[in-house]
Structures are given as structure tokens and as C-alpha cells.
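Accompanying notes for the structure given below.
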Amino acid sequence: MLQYAFMRNAFVASFLIALLCPLVGMHLVLRRYALMGDALAHGSLAGVSIAVSCGIHPGWGSFFFTALVGVLIEFLRAFFKNHHDLILSIVLSLSVGIAVTLLSSGLIQADIDSYLFGSILVVSTRDLWIMLALSVFCVGTLALRYHQLLYLAFDEETARICGVAADGINYVASVVISATIAASIKITGILVLSSLMTVPVATALQLRVGFLLTLVAAFLFSMLDTALGLVFSYYLNVAPGGFTALVSVVVLMLVIALTQVGRART
């Protein structure tokens, strides 16, 4: 399997995704904003459609449009403070509307199925460099703003009182999430990308350990999910994103069962 260059590229890409998605997903889950990943992933579909119709690399189109959608979500929070789910519905409507309009217009001649469902055949060396650049940007930004993001995740109002520039940090977080999505969609697919942001984190939370240990556990579960999903999708000839999502849910169910059995014995 590893004698093929495309599989080696796919494993490197999966490793980067396994590091990035839980890092961003932890922030979303703790803020009870898990569906934001799904909304932004659909925003990336519109970005890919716009980029392909304009002859731009789809990865960059995905990043810039998804970042714009993320900024729009934060902007709308000021008008719908108690209705975050409504904001996501508005953004989903905008993104899907743009994507469907362009896809049905005949302006797009390329096949974008690989972006919808993921593919291990289309990750080139150029894509890896783009993913690496976006990964460095995401990890570096989150590391610089780690403490502020942690305060916001647990109690935004108290963080504001303590002097944290919540609005600015939220905009930065939206851009980082957008970069993560742009780096991941080619191998995971737009339709199931949000599962890699949230399910490994949900699995790690079952262990009931501290924040840093939970984050480390989420990394490990994410790597396990993506590795198994990639290997099985290769041998079964199915889309890697969908199978990885199935694996992640199965692992979550197993961890829940094992932790419940362990607690019942104590």
C-alpha cells in the first residue's frame, strides 16, 4: 500500500488533519458551538465552487470564502445573541445557495465530487505544502492565543470582564477554523469533515481527565480514526471521509461502553 506515492501523500495529509481537527474541535465543543464546523464546511463548498468557476486553486478559494463566512457568523452574533443555531442556519442557507447556483449554472466543468466525499487519489505534493502552510498558521495562532481561547471557552462573560478582547479573539478563531477546513476537505470531504472536529473530542471527554490530557487523548483518537479510515477505505474502495466518520463513531461507542463498565466495577 505504501509503495504508492498517493497513499504516502494521503497518510501525511491524514496526520496533519488528525492534529488540526481536535485542536479546533476542542474550542468548538467547549463553547457548545459544535455545529459551527458543519456550517463552515458547507461554506467551503461555496468557496470551492467559486474558485473552480474562476480558475483559482480550490484550496485557496475554500480558505478565503470560509474565513469570510466565519467572520459573518461572528458579526451576526451581535444581532442574534441568544439564537446561535439561527445564525448557523442563515449561513448554511447562504453557502448552499451559492454552491448549488454555481454547480447548476454550467460554469463549472470540473468534477468536485472529491471535495464532497473525500479522495485518497487527489492529494498531490502541492496540496501537502498548502496543508502544511495552513497547519503551521493554525497551530501557531492557537498557541499564541491559547490562554485567551481557554478563558473564552469556559466563560466568555468573565473573560471579557478580565480584559480579554473577546470579539477579536473570536474573529481570529473563525479564521483558524476556516484554515483547518481548507486544509482537510480534499481527503475527508466537505460532508463529513465536522465529524473529525467533534467526535474525537467527544470520545476524549468520556475519559474525564484534565483539559490538556483530554486534548492529547483527542489527538490520539483522531489519529486512530483517520488511520483506520484511510486503510479500510483503500482496501474497500470507498470514500475515506465517510468511512473515517463511521470509524470515529464506533470508537466513541466502544469508549463509552468500556468507561461505563469500568465505573460500574468501582
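Quick reminder: no glycine exception, Cβ is built from N, Cα and C everywhere.
Positions annotated as transmembrane segment by Swiss-Prot, on the basis of sequence analysis: 10-30 (among others). Among residues of the same chain six or more beyond the transmembrane segment (10-30), those with a C-beta under 8 A of the stretch's C-beta atoms are 2, 36-37, 120, 123, 127-128, 131-132, 135, 138-139, 142, 149, 153-154, 173, 176-177, 180, 183-184, 186-188, 193, 196-198, 200-202, 204-205, 214-215, 218-219, 221-223, 225-227, 230, 240.
The transmembrane segment feature in Swiss-Prot is assigned to 34-54 (among others).
The transmembrane segment annotation in Swiss-Prot covers 56-76 (among others). Beyond the ends of the transmembrane segment (56-76), by six or more residues, the same chain brings 36, 39-40, 43-44, 46-48, 50, 87-88, 90-91, 94-95, 112, 115, 127, 130, 134, 167, 170-171, 174-175, 177-179, 181-183, 185-186 to within a C-beta distance below 8 angstroms of the stretch.
Per Swiss-Prot, transmembrane segment is recorded for 88-108 (among others).
As annotated by Swiss-Prot, transmembrane segment applies to 120-140 (among others).
Long-range contacts of the transmembrane segment (172-192) within the same chain: residues 10, 13-14, 16-17, 20-21, 23-24, 27-28, 36-37, 40-45, 47-48, 58-60, 62-63, 66-67, 69-71, 73-74, 114-120, 122-123, 127, 130-131, 134-135, 137-138, 141-142, 145, 149, 239-242, 244-245, each at least 6 residues beyond the stretch ends and with a Cβ under 8 Å from a Cβ of the stretch. Annotated transmembrane segment per Swiss-Prot: 172-192 (among others), in sequence order.
The transmembrane segment annotation in Swiss-Prot covers 211-231 (among others) and rests on sequence analysis.
What Swiss-Prot records for 238-258 (among others) is transmembrane segment.
Proximity of distant same-chain residues to the transmembrane segment (211-231), defined by a Cβ-Cβ separation under 8 Å and at least 6 residues beyond the stretch ends, is recorded for 1, 10-11, 14-15, 17-19, 21-23, 25-26, 120, 150, 196, 199-201, 203-205, 240-241, 243-248, 251, 255.
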